[in-house]
Amino acid sequence: MSGKKDSNELETRESIGSQSSSADVPHVKASFFTYMLVMCVCVGGFLFGYDTGVISGALQPLQEKFGLSTVQKELVVGATTLGAIFGGFFAGLLSDKMGRKILVIISSVIFIAGALLLALAPSYGVLLLGRLVVGVAVGVASMIVPVYVSELAPKHIRGRLTTLNTLVITFGQVIAYVMNIAFASVDNGWRYMFGIAGIPALFQFIIMPFLPESPRRLVITNKLEQAKSTLRKIYGPEVTEAFIENQVRLMLDDVNSSSSSSFKDLIHRDTLRPLIIACLLQAAQQLSGFNAAMYYAATILQMAGFRSNQNSTSVAIIVSVTNMVFTAVAVSVIDWAGRRRMVVITMLMMIAGLISLGATFAAQQGFIPKQDSCSGYVTHCARCVLDDRCGWSISEDVCVPLLGHSGDIYESTTGCPPRGNDKAITGILLTSLIVYVASYALGLGYAPWLIQSEMFSNSVRGKANGVSTAVNWICNLIISTTFLSMTDTLTSAGTFWFYAGISFILWIGIYFLLPETSGKSLEEVNASFSK
């Protein structure tokens, strides 16, 4: 009788704890420890951003150093993406077996190795290998950091803390552009651009062993006391012991209801729908063409008339800063504005920006694809000077080969005679680019990573996130290795309109499938797909 009475009392206390926790959670602030822990983990996000952004400014000096063709440039950009496909997929497999923390440490080691290979690359082959190695690290970080952070974060600020990783990614891209500008005129400056990435990776490698594993991972491995200790540090002294006990109980319930999983479990009804949503969001993020704008920002701005590498890189930082600023806005509003609303509205704004961007390129360059000879561009100067074989003849006022006409080529910031509408076209182009980037940052820039980290049960979270992350990087590879070829074939205008069309098709699927996950615990989100 006594045992039964004690058991009833314990159940009553847990019930009260559960009720009180539900009321208390919205008023509980994450501790300073939580923010410091998240920032240390998000060094992986910084490196993700830096290593994907640095290629924009490094591409031109690499072309001069190794004499790269269009295909070779696309391979240099795409090698990182190819590595990321495998890194993200295998991180999903290993995270369920090894835990989140150890994979962050492994990614930092791979980042260091990649930085050294790139900085010391004596040949094009080693350069490709270095980009591939860095890509593996980027893939691991892109998958594991959002999962780690979402499992650490209190539910009422989980969106803010997970989106903080995206903000750090954009900060990494800004720093990459700053380094591009700083070393643009330095002999072998591209080596410094790549090598600097090893410094934050070394910091993360040193600090991560002293940080805790995620509470949910500790519960899975039956280290309940360690899980409670970590939760106390995350929530601070304001919460009651009953609240901590209830959080652990919820995690245990989720673990006990989820047996060990295989990939076959991903097609189960409770898992298939969130997997489709996650893959759809990740595909939309990449097939919108945004990372083409990041990887080839300097090249795009050269298309827009900023002909020198330094000038185009300097203006390209506007793209990066816009991305960072509007991601910061997203961090501040995501938990009360809602994930679904932000994605649905901002995707439409992004599509409008893409359409406007294409229209501006059409007005500037027309619809002339790359020609076999310079004479094919006839009297269209803006398209003529995009071809590195051609220039605009001062005496003939037509497009001519650079070879044999060195003293007769028009020299200006654009390479063309001034026109009355040049400033207006450039202004509209930059405005369209900023609208496109800002809209992306407010929605697709962070939402796929945040939402996919929220939707799956403990048993399949690693595998499901690995699959959707692989989808992201496969789509990224398609975009990054076809952008230059598409602009040659479809023209710049046609390429951006193609991205707009694909984005609209994906928007329709997202509109009808994506639920709201804001304000719910991970266990509550997962349970909603079981109903």
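Cβ coordinates come from backbone N, Cα and C, glycine included.
TrEMBL entries are annotated by machine, without manual review.
As the structure is a computational prediction, the values presented were derived from the model and not from experiment.
The following features are taken from TrEMBL:
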{"type": "REGION", "residues": "1-22", "note": "region 'Disordered'"}
{"type": "COMPBIAS", "residues": "1-14", "note": "compositional bias 'Basic and acidic residues'"}
{"type": "TRANSMEM", "residues": "32-55", "note": "transmembrane segment"}
{"type": "DOMAIN", "residues": "37-518", "note": "domain 'Major facilitator superfamily (MFS) profile'"}
{"type": "TRANSMEM", "residues": "75-95", "note": "transmembrane segment"}
{"type": "TRANSMEM", "residues": "102-122", "note": "transmembrane segment"}
{"type": "TRANSMEM", "residues": "128-149", "note": "transmembrane segment"}
{"type": "TRANSMEM", "residues": "161-186", "note": "transmembrane segment"}
{"type": "TRANSMEM", "residues": "192-211", "note": "transmembrane segment"}
{"type": "TRANSMEM", "residues": "275-296", "note": "transmembrane segment"}
{"type": "TRANSMEM", "residues": "316-336", "note": "transmembrane segment"}
{"type": "TRANSMEM", "residues": "343-363", "note": "transmembrane segment"}
{"type": "TRANSMEM", "residues": "428-451", "note": "transmembrane segment"}
{"type": "TRANSMEM", "residues": "463-484", "note": "transmembrane segment"}
{"type": "TRANSMEM", "residues": "496-514", "note": "transmembrane segment"}
Any contact, the transmembrane segment (192-211) to the transmembrane segment (463-484), with at least 3 Cβ pairs under 8 A = no
Ask   = Based on Cβ pairs under 8 Å, which of the stretches 32-55, 102-122, 316-336, 463-484, 496-514 lies most in contact with the transmembrane segment (75-95)?
value = 463-484
Note = Rounded mean pLDDT within the domain 'Major facilitator superfamily (MFS) profile' (37-518) lands at 87
Query = When only pairs 6 or more apart in sequence are counted, do the transmembrane segment (161-186) and the transmembrane segment (428-451) reach 3 or more Cβ pairs under 8 Å?
reply = yes
Among 32-55, 128-149, 343-363, 428-451, stretch most in contact with the transmembrane segment (463-484) (C-beta, under 8 angstroms) = 128-149
Ask   = Who are the long-range neighbours of the transmembrane segment (128-149) in its own chain, taking Cβ under 8 Å and residues 6 or more past its ends?
value = 38, 41-42, 44-45, 47-48, 51-52, 55, 75-76, 79-92, 95, 100-101, 103-104, 106-108, 110-111, 113-118, 121, 161-162, 164-165, 194, 197, 201, 214, 449-450, 452-453, 461-462, 465-466, 469, 472-473
Message = I'd like to know if the transmembrane segment (275-296) touches the transmembrane segment (428-451) in this structure, counting it as a touch only when three or more C-beta pairs sit under 8 Å and are separated by 6 or more positions.
response = yes
Note = Here the stretch out of 32-55, 102-122, 496-514 with the most C-beta pairs under 8 Å to the transmembrane segment (275-296) is 496-514
